Ligand code: 1CP
């Protein structure tokens, strides 16, 4: 018997559906009571990510509840910095903290094989999830983009205005470039390991692409992403890759054209009609419902979902949010959104 199609994967391969496939960033996590229960079983968040049994279960929870078209590997973009020896801590209520890297040498302490081996529980999670997913569900592996991971490495924490990293890019450009190069190489191998373990598609999160000057966007986001995608392809990976340069604004256009990504994630602020005009007509897009719409729900949420669907009806489109599901989101609104997207 023929396998049922993976709608999400087919969309990345260029297919257009009347009702787009759907998944949501942070679909696993704190808005789900079953996640909170599971989370309590691990010593800390890193242990949780490095436990294939817990991470597999967290990946599958939103699939069981919502029957999403895509499952995203449960892990974190900061694991790679922990593997590099930056001692990543997730402090309750304060977000991630780590030992800041003062130069590229701080990120170059261990041989690549050792780093990749440290992250091997992640590949084990990918292969366990893959064996338990229905054949029509697409499994998405991911990593942080070089710039976003560099921001965490330099600042030593999240939620900043990124000025230390942006200033370093101006004042110490050679060292910043060396940091990005180390991250390109490590991340390429990390993504390849996820692809080899069974990921159907890959996503590169550039969560801190916002607020960069045009020349900085080119140098810190577009060029390193282009290098990363090229390196992943050189390693033999054929899976489609979604790039998500959050906050790129009009620089989405050169990002989409020059990085080599298969499709792009759209943040909430991007005007959908502009996106449709600016990007090549065959390029898949994913996004951009405001996550807060899922808290408020109601007819206004339904209407906005239909507007986004309609704007992208003539191109490959994966329905998603402009950023992650927030902890306050009522489950009933996520259920409702999925129904509206599928016109059920
Ligand atoms: O249990 C908890 O309280 C931890 C909350 C949490 C979760 C559920 C963190 C800490 N990470 C994750 C999982 C995660 N992170 C996933 C898989 C789950 C899913 O999406 O369903 C993914 C894809 C990520 C990626 C990630 N981590 C990004 C990129 C996406 C984005 O949100 O822009 C970023 C920036 C991170 C760093 C991070 N990890 C955790 C937090 C709270 C943050 C952001 C901190 C900051 O503001 O800097």
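Glycine too: its Cβ is placed from the backbone N, Cα and C atoms.
Per TrEMBL, these features apply:
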DOMAIN    21-30  domain 'Uroporphyrinogen decarboxylase (URO-D)'
BINDING   26, 27, 28, 29, 30, 76, 152, 207, 323  substrate binding site
SITE      76  site 'Transition state stabilizer'
DOMAIN    140-156  domain 'Uroporphyrinogen decarboxylase (URO-D)'
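A C-beta separation below 8 Å, combined with a sequence spacing of at least six in one chain, links residue 76 (site 'Transition state stabilizer') to 45, 49. Each residue in the domain 'Uroporphyrinogen decarboxylase (URO-D)' (21-30) has a pLDDT score, and their mean in this model is 97.
When other Cβ atoms within 10 Å of the Cβ of residue 323 (substrate binding site) are tallied across all protein chains shown, the result is 23. Its Cβ taken as reference, residue 30 (substrate binding site) is surrounded by 15 other Cβ atoms within 10 Å in the chains shown. The Cβ neighbour count for residue 26 (substrate binding site), using a 10 Å radius over every protein chain in view, is 17. Spatially close to residue 152 (substrate binding site) yet at least six residues away along the chain are 77, 78, 81, 96, 98, 144, 158, judged by Cβ distances under 8 angstroms. The DSSP secondary structure for residue 26 (substrate binding site) is coil. A 10 Å cutoff on Cβ-Cβ distances gives residue 28 (substrate binding site) a total of 25 other Cβ atoms nearby, all chains included. Under the DSSP three-state reduction, residue 152 (substrate binding site) is assigned to helix.
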